[in-house]
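Undergrad: Below you will find the structure I want to go over with you.
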């Protein structure tokens with residue numbers, strides 16, 4: 001047991017001063033710290049003031065709050081791992097306290113997986129909105145909180161079942177590296193989440209196609225306006241899901257590849273551990289999504305404004321313009337005739 005501990009301490013020491021691993025820690029620390037004020041601004045100044053229905057807004061707020069809390073957890077983790085080598089006096093002091101590692105990783109994974117599952121709620125809410133377009137905007141905010149509760153409860157149950165028998169007896173030198181006794185279950189859960197996210201993105205594509213087909217059936221100006229609101233909000237959630245899938249998909253594919261190939265492929269435990277630790281793309285996503293979100297909202301709002309203006313304007317050219325002119329003249333003379341004694 002002592003020999004194993006010594007080998008773990010030696011590995012922690014080599015990782016702490018490995019240039020590639022060290023650079024990845026610094027990058028993750030930097031983007032995590034930058035993403036915190038960026039997400040706070042995005043939530044309080046953009047998401048809170050969206051014109052979307054309360055159900056979708058509630059889902060978006062909780063989704064980005066999960067990202068914010070996860071960024072805070074990552075910021076602490078990477079600051080800790082980056083700075084601790086400057087203050088230790090022995091190699092084994094580089095190992096993370098077991099209790100700190102246990103609760104840090106469980107809470108971090110719960111926030112990470114919750115943010116991966118919450119976009120499923122976007123699809124459910126959007127299909128309900130599309131199916132009840134004529135009266136959905138006047139409905140109360142109830143569906144969103146229910147979906148949030150169910151998704152978080154399911155995710156909590158899965159994470160609890162994964163970690164309930166984990167003894168946490170290994171020496172831990174990184175918050176993002178899963179214990180070997182739990183790694184297979186976490187990998188399986190991530191693999192399932194990847195397929196769920198792909199399926200969810202396909203559902204969003206189907207939703208947008210259905211929207212384009214049925215919106216021509218509505219002639220009421222108010223319903224057409226509601227349909228345009230649903231379309232714009234669905235496009236925004238599509239952008240979020242697509243961006244999340246790119247980053248998360250890359251992370252899962254790379255991590256599974258590293259684990260499947262094993263230590264022999266990377267010529268030793270050190271290179272294998274470096275490969276496992278440097279491909280965490282989630283901190284970068286938490287910063288990039290704010291930039292993409294602000295730009296996409298600006299574009300969609302401009303698109304929405306132009307669409308609404310074109311919808312309420314009366315055309316004055318072509319066959320439709322001629323018909324509008326005749327209708328106006330007819331209505332005018334009918335009103336004059338009705339006032340003539």
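Placement of Cβ uses the backbone N, Cα and C atoms for every residue, glycine included.
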Undergrad: Under Swiss-Prot, the annotation transmembrane segment belongs to which of these stretches: 24-44, 213-233?
TA: 24-44
Undergrad: Is it true that Swiss-Prot lists residue 186 and residue 306 on the same side of the membrane?
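TA: Going by what Swiss-Prot records, residue 306 is on the opposite face of the membrane from residue 186.
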Undergrad: Quick test of your reading of Swiss-Prot: among 167-187, 188-208, where does it put transmembrane segment?
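TA: Residues 188-208 are the ones Swiss-Prot records as transmembrane segment.
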Undergrad: With the ranges 104-124, 314-334 to choose from, which does Swiss-Prot describe as transmembrane segment?
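TA: From Swiss-Prot, the annotated transmembrane segment range turns out to be 104-124.
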Undergrad: For residue 267 (N-linked glycosylation site), list the number of other Cβ atoms lying within 10 Å of its Cβ atom.
TA: 9
Undergrad: What parts of the chain pack near the topological domain 'Cytoplasmic' (45-58), using Cβ distances under 8 Å and only residues at least 6 beyond its ends?
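TA: For the topological domain 'Cytoplasmic' (45-58), the list is 64, 122, 125-126, 128-129, 136-137, 139-145, 147-148, 229, 233, 236-237, 293-294, 297.
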Undergrad: Using DSSP, break the topological domain 'Extracellular' (259-276) down into helix, strand and coil residues and give each count.
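TA: Helix, strand, coil within the topological domain 'Extracellular' (259-276): 15 helix, 0 strand, 3 coil.
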Undergrad: What counts of helix, strand and coil residues does DSSP assign across the topological domain 'Extracellular' (163-187)?
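TA: For the topological domain 'Extracellular' (163-187), the helix, strand and coil counts are 9 helix, 1 strand, 15 coil.
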